[in-house]
Amino acid sequence: EKSGMLLPTDSKGRSKVIQWLMFQMGGIGPMMGQANVFFRYFPEKIQPAIDRYQNEGRRLFEVLDNRLAENEWLADDYSIADIANWCWVRTHNWSGISTEGLSHLERWKDAMYEQPGMLEGIKVPMKIDNVMKDKKKAKEFIERAQKSVKK
């Protein structure tokens, strides 16, 4: 990252960002992905699997909320770690995970929408918010996802 705007150049700042990026890659991303598969896409409803991934997703959201209680951004300053985690957090309803009571996470989630390029970026390849609000579009999206899960 040449500009140093999303990934600091100093070793301490860079380390913090990479730690929160790894939190997303090793925790939030996999748990939210599996929550989506079992809650939305898998043709059979396997409740223990749904519960497992939704509960773990919620626990990880609580970790983020605790961090954000003390910091405006995950790694002190706005960074790629915020962007990577936010991509999953903002779609929590689609995964069936509540953010109720996580006020710091909600504040951060809302603040992310105000960052340059975020509103444009979430429209690529499509604006998932529109899919989530439209039952017909949601059904079509789920059916396409189910086909890929069955492969």
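Keep in mind that glycine also has a Cβ here, set from the backbone N, Cα and C atoms.
TrEMBL annotations: computationally assigned, not manually curated.
TrEMBL lists 10-141 with the feature domain 'GST C-terminal'. What TrEMBL records for 20-42 is transmembrane segment.
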Local confidence of the domain 'GST C-terminal' (10-141) - pLDDT mean: 91
Secondary structure content of the domain 'GST C-terminal' (10-141), with strand meaning DSSP E or B: 97 helix, 2 strand, 33 coil
